[in-house]
Protein chains: 2
Amino acid sequence: MADERETGLVLDPKYDASGLVTAVATHADSGEVLMVAHMNADALAATLATGEATFWSRSRARLWKKGETSGHVLKVRELRVDCDQDAIWMRVDPMGPACHTGEPSCFYRVVRDGRLERV
Amino acid sequence: MADERETGLVLDPKYDASGLVTAVATHADSGEVLMVAHMNADALAATLATGEATFWSRSRARLWKKGETSGHVLKVRELRVDCDQDAIWMRVDPMGPACHTGEPSCFYRVVRDGRLERV
């Protein structure tokens, strides 16, 4: 039912073989991409229920609310799905740095002439 | 070498078991997320060489320059990597609708009260 998934108004995520969709968080004001991670059905449900971005940690194999220890949660202002419903876009208000390195965004390096430069 | 990958200035993408990284394209001016897809090493190299976003099509199992038939290419203004180098963020100037449905962005539906609404 690809057509219904693309044109319909039913939330019906297309999880991959591991039960995951890709989730992108951008700063609701600046539009900066803060982080990219994954959600399973439970993570998406928790995100929608709490309004705070929750992911599936593949390395730890458990639900992971962003900021659960640091307090740097991502408050979800808006959540969208893409055409084939295998990706989520959240516009968020971050309560602190989104990256575990302390950077505001995980995308703190740009590629120029094949090398990385800090932005 | 997680530390070097996170803090260093060498482009060293961490491809998954399928040889892919996630690639997010946002509108360089508005910050709107246009699409999420995947790149292998050849797609990333082609993107960097041509300045036009090129992906790996998992469904067709081949390199796929966005807009190769429609002309709706994504001109890459800036390309970033995230902390662990398993995701790419491109700020692009789209030469037409990014979505194959004709919508400017693939993310044309928002989740509200468990249902989808067109934005």
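From the backbone N, Cα and C atoms, a Cβ is placed for every residue, glycine too.
Curation plays no part in TrEMBL annotations; they are all automatic predictions.
As written in TrEMBL, here are the features:
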type	residues	note
BINDING	B:Asp82, B:Asp84, B:Asp86	Mg(2+) binding site
BINDING	B:Cys83, B:Cys99, B:Cys106	Zn(2+) binding site
DOMAIN	B:35-108	domain 'Phosphoribosyl-AMP cyclohydrolase'
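It is B:Cys99, among the binding-site residues B:Cys99, B:Cys106, whose Cβ has the fewest other Cβ atoms within 10 Å in the structure shown. The two recorded residues, B:Cys99 (Zn(2+) binding site) and B:Asp84 (Mg(2+) binding site), have Cα atoms 28 Å apart. You'll find the Cα of B:Asp84 (Mg(2+) binding site) roughly 26 Å from the Cα of B:Cys106 (Zn(2+) binding site). Within the same chain, the residues at least 6 positions away from B:Cys83 (Zn(2+) binding site) whose Cβ sits under 8 Å from its Cβ are B:Glu6, listed in sequence order. Of all the Cβ atoms in the protein chains shown, 16 others lie within 10 Å of the Cβ of B:Asp84 (Mg(2+) binding site). Between B:Asp82 (Mg(2+) binding site) and B:Cys106 (Zn(2+) binding site), the C-alpha separation comes to 22 Å. With DSSP classes pooled into helix, strand and coil, the tally for the domain 'Phosphoribosyl-AMP cyclohydrolase' (B:35-108) is 10 helix, 30 strand, 34 coil. If you average pLDDT over the domain 'Phosphoribosyl-AMP cyclohydrolase' (B:35-108) in this model, you get 97.
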